[in-house]
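Working notes, beginning with the structure itself.
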């Protein structure tokens with residue numbers, strides 16, 4: 001090392017003797033501290049192998065040892081660029097041991113134009129050849145050979161000269177672990193980071209490799225070098241250079257994707273070159289392969305689900321002939337057509353499927369046997385509620401108006417062999433939706449058929465619901481104590497519908513019972529428990545509750561009350577929950593006897609209070625971990641429901657076809673009866689609405705503008721007044737204040753307790769809106785033979801009655817050349833000179849028509865009567 005230093009010193013002194021350059025002084029740490037330092041210390045910088053740069057190539061830098069190359073000429077120090085500098089410990093690796101002051105100073109030297117100050121013919125300093133030159137030459141400050149440093153020191157080796165404010169350049173040599181970048185860095189512009197070839201470093205060091213030139217303050221790397229040849233590697237190793245030595249774990253060439261593209265230009269290059277390929281739509285973003293939608297969806301929501309801009313969706317819809325905005329609502333069919341253009345499929349789901357609540361994980365060890373849920377179904381008046389009454393030993397049937405079940409009743413009965421939960425569904429034809437819900441939440445269906453009546457429409461409907469829900473059916477043939485009972489006939493009729501009894505080689509269990517006389521009830525219960533045992537019904541009582549809303553109503557004293565069938569888990573007082581589109585916290589719970597309870601387990605029907613609305617019957621019920629989450633889900637469902645209702649309303653009012661265009665061309669042709677329905681429970685209001693809407697005809701439409709549970713209030717009256725509607729109260733009434741307001745506004749309120757009374761009276765009201773049917777009967781015709789002109793009276797037609805008779809009270813029609821010229825009434829009818837009431841065929845008469853004188857010989861006068869017949873709804 002001393003030989004190297006001596007050789008460099010002699011070279012520099014020889015240059016000074018030539019007198020062509022000022023003396024170049026290279027000082028080490030520890031020299032005169034009074035000398036100011038014009039250049040900052042080189043910053044340590046972690047670098048990585050760079051990518052190809054878009055900059056134009058520059059000439060390669062000559063290697064040390066090459067002959068015939070000119071040195072870099074350094075100007076003399078000026079006032080603003082002193083020749084001497086001191087490397088401050090704070091800037092040049094503080095903590096580095098100071099060097100001994102020696103003779104490492106050289107005077108200015110004059111190199112031949114083809115020589116570089118880095119090169120000497122007998123120099124042992126060898127570096128690999130960089131492929132491209134570094135930045136342009138610039139005025140340099142004092143540099144020099146700094147030598148090697150120990151671990152923790154700054155860059156060592158020959159750094160070369162730097163301009164004011166520049167980072168370290170030149171050859172830095174090797175460093176120990178923890179040191180900054182080493183290797184040949186080359187020259188850099190002012191304010192730049194480390195550049196040039198840095199070589200390899202030990203563990204913990206920054207990245208090595210050839211960094212090349214960078215722009216001012218650029219963090220990016222420069223041009224990429226060509227691979228180092230094996231000859232250069234051998235040459236470097238033979239002369240003691242560690243530039244090409246490999247580090248452990250870094251002997252593989254980095255792939256393009258692993259490189260550090262931190263510079264501005266290279267970052268842009270990376271984004272353009274390595275952008276991932278996606279299935280894209282108009283907006284250049286990925287479109288999912290499948291999305292889920294409700295029956296109606298907002299344009300903005302559709303765009304969000306498809307990862308498209310709203311403008312793209314609106315543009316597509318405009319091409320499809322639909323003028324929409326981001327807030328407009330379209331149906332799922334239209335959305336599916338649009339999505340198909342992007343290769344996206346649409347799956348239509350229900351409101352509750354769109355907002356799925358994440359299932360809680362179950363532990364199979366926690367599952368226990370649960371009671372069966374049994375739904376009693378059948379035709380109206382076949383004895384379903386009486387059967388349940390007998391089982392419960394209570395008088396439930398007496399509380400129902402007209403002896404007909406108005407809504408689902410849920411009860412739990414304790415038998416000798418265990419608990420059974422019963423659901424009693426209505427048998428009236430209006431309660432189709434209730435029976436369908438009952439079949440979906442049940443485990444077993446007991447089909448009650450009267451032995452003296454037979455299979456009826458609601459019996460067949462109940463069979464269809466049970467089969468659709470894949471629920472086993474047990475048949476109870478009731479009223480076998482009556483003289484007209486014929487159980488064999490019932491079994492034959494049911495066998496024709498797929499319910500063949502076990503006695504006849506089938507799989508359906510039959511029980512012959514009499515609910516009134518308590519005959520065969522025990523056998524029926526035994527059959528139910530046997531079927532439940534075969535089904536092996538289980539539930540986990542240790543998880544959060546999950547169930548179904550059986551019924552809901554608005555109670556004056558307790559607010560919204562919902563009957564919930566817990567299907568899994570346990571519901572406790574204080575639990576937050578989501579019930580349909582509403583949320584709440586369990587304030588109180590009651591069993592089917594009205595007693596307060598603290599918790600309800602699987603297959604238990606409980607009445608729950610604390611809901612912020614009246615949910616729909618059949619809606620899902622889910623206990624939640626916290627109330628905030630429950631409210632969020634509720635808000636999403638309410639918004640989706642609003643969109644769905646708005647879309648449905650838009651669809652019904654705008655769909656006009658060629659077939660019905662003539663019916664709607666005149667607004668007066670369509671008559672409408674508007675009603676508001678208020679009932680004690682939500683299910684009854686829903687059933688009444690469904691029944692009344694079936695009464696609509698092309699001429700008279702029934703429009704239920706609002707339906708719900710609860711008492712009739714002032715708001716209902718004001719809505720009815722504004723829309724000219726009738727209010728129907730089912731098991732509810734209005735208070736005196738509301739009644740007075742209704743009288744003032746001229747709103748009619750009708751009260752009912754039995755559903756078929758509602759249907760019958762509304763049907764009569766709608767029939768009154770129908771245009772009566774007019775039947776025309778031609779009673780006689782007469783031909784005009786002569787015309788008599790009377791100045792004071794007008795023209796009189798002399799006619800011969802050809803058929804029938806002409807009556808003075810009849811309507812007449814004047815027909816000429818097959819065209820009706822006039823229709824009206826007779827003003828006078830004379831036989832010779834006498835006024836008569838009618839003239840029969842074969843006689844002549846004189847006819848004067850009120851308001852018509854343009855008679856012509858040969859025209860026909862036709863007399864007819866019109867019979868008005870009141871029409872009925874079909």
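Cβ from N, Cα, C; glycine included.
As given in Swiss-Prot:
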BINDING   378-385, 424-428, 478-481  GTP binding site
COMPBIAS  54-63  compositional bias 'Pro residues'
COMPBIAS  83-104  compositional bias 'Basic and acidic residues'
COMPBIAS  141-222  compositional bias 'Gly residues'
COMPBIAS  235-244  compositional bias 'Polar residues'
COMPBIAS  250-262  compositional bias 'Basic and acidic residues'
DOMAIN    369-538  domain 'tr-type G'
REGION    1-262  region 'Disordered'
REGION    378-385  region 'G1'
REGION    403-407  region 'G2'
REGION    424-427  region 'G3'
REGION    478-481  region 'G4'
Review point. The region 'G4' (478-481): mean pLDDT?
Key: 91
Exercise for review: Tell me whether residue 384 (GTP binding site) sits in a helix, a strand or coil according to DSSP.
Suggested key: helix
Study note, to complete from the structure: Its residues classified by DSSP, the region 'G4' (478-481) shows 0 helix, 1 strand, 3 coil
Check your understanding: Once the DSSP letters are reduced so that anything not helix or strand counts as coil, what is residue 378 (GTP binding site)?
Key -> strand
Point to revise | Number of Cβ atoms other than its own within 10 Å, given for residue 381 (GTP binding site) | key: 16
